[in-house]
Amino acid sequence: MMRVGAITLDGKATRDEIFVDLKERVTALTAAGRTPGLGTVLVGDDPGSQAYVRGKHADCAKVGIESIRRDLPADISQETLLETLDELNANPACTGYIVQLPLPKHLNENAALERIDPGKDADGLHPMNLGRLVLNEPAALPCTPRGIVHLLRRYQVEIAGAHVVVIGRGVTVGRPLGLLLTRRSENATVTLCHTATRHLPQITREADIIIAAAGVPHMVTAEMVRPGAAVVDVGVSRDEAGKLVGDVHPDVWEVAGHVSPNPGGVGPLTRAFLLTNVVERAEALAGS
């Protein structure tokens with residue numbers, strides 16, 4: 001009922017297409033004795049983080065990537081965590097790996113991320129790889145921004161010349177997404193906004209594409225959207241009843257031309273491009 005008019009940007013169907021391609025590429029790598037391996041480092045027993053990690057390894061099984069898990073207690077020291085990362089850096093079976101965030105408060109997240117071998121940075125969030133993105137040099141790309149761009153292209157949403165309003169300034173989505181969209185291969189014009197931006201509805205009504213990644217429940221409403229615009233819902237938070245919701249209000253479906261559901265939109269592609277980063281590195285190593 002709420003989705004009258006808008007075309008669904010279906011992340012699950014798009015992910016499945018990517019997985020078919022990845023499975024063929026992993027089969028070829030395995031035949032050459034170069035099976036990719038994805039490592040995960042999980043600290044503590046947060047149910048959400050555990051579920052995310054389980055999902056990533058289930059994805060690995062679907063395409064033939066080896067799983068390497070390092071599950072650590074919540075009270076682990078910074079030194080022991082860094083030793084675990086050093087071990088994965090040196091492990092030839094580990095093509096790439098991620099540190100599941102957030103870490104417990106007594107641990108230094110930035111120090112952990114910087115300890116990852118940039119070549120094994122499956123999330124594309126190492127400072128060196130983010131710097132390469134700024135310089136437009138080849139490197140692993142952040143998974144969620146890459147997934148957003150792929151999803152828009154898959155449904156033929158015009159990016160070149162488009163005015164894109166990104167709401168959210170986090171390092172995992174907002175900041176790197178602006179860098180991706182302004183490359184010559186995308187050629188979008190990006191306005192980066194956040195929860196303290198003045199006159200936000202006025203800005204979003206001028207957008208061809210809105211990316212909502214602020215983590216504020218239902219902050220983007222129909223009144224903020226130009227008819228026919230594409231709206232991508234990335235934010236995840238809980239409403240007053242404790243239910244997981246996105247940043248986009250359901251009434252947006254009645255106005256927009258394209259909308260990504262949440263869940264089922266960008267999330268599946270974040271995981272798909274995590275595996276893609278690992279497979280691409282395995283192919284590069286095999287080629288060298």
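Here, residue 1 is simply the first one shown, and the rest follow in order.
Cβ atoms here come from the backbone N, Cα and C positions, even for glycine.
Computed from a predicted structure; not experimentally measured.
NADP(+) binds Gly168, Arg169, Gly170, Val236 as Swiss-Prot records it, and from the list Thr191, Thr195, Thr204, Thr276 the residue named for this site is Thr195.
Within its own chain, Arg169 (NADP(+) binding site) has Arg175, Leu192, His194 as residues 6 or more apart in sequence whose C-beta sits under 8 angstroms from its own. By the criterion of other Cβ atoms within 10 Å of the residue's own Cβ, the least surrounded of the binding-site residues Gly168, Gly170 is Gly170. Sorted by the number of other CB atoms within 10 A, the binding-site residues Thr195, Val236 start with Thr195, the lowest.
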